[in-house]
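According to TrEMBL, the features are:
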BINDING   A:70, A:77, A:78, A:79, A:136, A:162  substrate binding site
DOMAIN    A:114-214  domain 'Fe2OG dioxygenase'
BINDING   A:121, A:122, A:123, A:205, A:206, A:207, A:208, A:209, A:210, A:211  2-oxoglutarate binding site
BINDING   A:132, A:134, A:188  Fe cation binding site
DNA sequence: TAGTAGCG
DNA sequence: GAAC
């Protein structure tokens, strides 16, 4: 068994790599505040389906909050301080977002985390996100903090080339995945979400992905 | 290659 | 899962 992917369970966390881990249930105490924050963000910056540079409509519905928002269109991927749909700045971080992101990062070995962007993803049943790298940030060392809410999903965590072997990580409501440093540029994705009904979110999975763009 | 179609 |  490879020690990189050995997935050693230590209490309520599972190692996916030297600087990548799953914090099981870490966001549960924050869930109510996070969901309220999501509602507020989406009221100002509605979910939308972005188009990839290849011209395909993404299955995941997205929005953003924070200083920068991740955007995609036929011209490429980028971070924009404004919502292209409204020409207005993205909503500020709800306070609970920053608290959770900082505490989760610290628990995973990244103290002093100060994200400046948060991508909101909504996965309806059947929705997937194909394997990719987060490579549009200037800072490629600061961790990604990914929070799962609602319906469960299977996270794919791979290597540094698309074709590398992937590990399947079951993620439930309240789980947080943190990867940075040497593991920051690993490919990752999400398998199609199975239909279901979750008390917190209804018929969908919600994901918050924090990044440090600058 | 933040995706799909199409074949084994 | 490989090819595009």
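Each residue, glycine too, has its Cβ placed from N, Cα and C.
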| said: Measuring Cα to Cα, how far is residue A:136 (substrate binding site) from residue A:210 (2-oxoglutarate binding site) in Å? | reply: 13
| field | Shortest C-alpha distance to residue A:132 (Fe cation binding site) - which of the binding-site residues A:77, A:79, A:206 | value | A:77
| Roughly where does the domain 'Fe2OG dioxygenase' (A:114-214) sit in mean pLDDT, to the nearest integer? | 97
| remark: Here the 10 Å Cβ neighbour count for residue A:206 (2-oxoglutarate binding site) comes out at 24
| task | Just jot down the residues in the same chain as residue A:134 (Fe cation binding site), at least 6 apart in sequence, with C-beta under 8 A of its C-beta; none if empty. | result | A:144, A:184, A:185, A:188, A:209, A:211
| query | Cβ-Cβ under 8 Å from residue A:210 (2-oxoglutarate binding site), same chain, 6 or more residues apart: which ones? | reply | A:97, A:101, A:113, A:115, A:117, A:118, A:144, A:145, A:146, A:147
| message | At a 10 Å cut-off from the C-beta of residue A:121 (2-oxoglutarate binding site), count the other C-beta atoms across all protein chains. | response | 22
| request: Select the most exposed residue of A:78, A:188, where exposure means the fewest other Cβ atoms within 10 Å, treating these as the binding-site residues. | output: A:78
| Can you tell which of the binding-site residues A:70, A:77, A:78, A:162 lies nearest to residue A:123 (2-oxoglutarate binding site) in space, using Cα positions? | A:70
| Under the DSSP assignment, what numbers of helix, strand and coil residues are found in the domain 'Fe2OG dioxygenase' (A:114-214)? | 3 helix, 44 strand, 54 coil
| request: Please classify the secondary structure at residue A:77 (substrate binding site) using three-state DSSP. | output: strand
| What's the CA-CA gap between residue A:78 (substrate binding site) and residue A:121 (2-oxoglutarate binding site) in angstrom, rounded? | 16
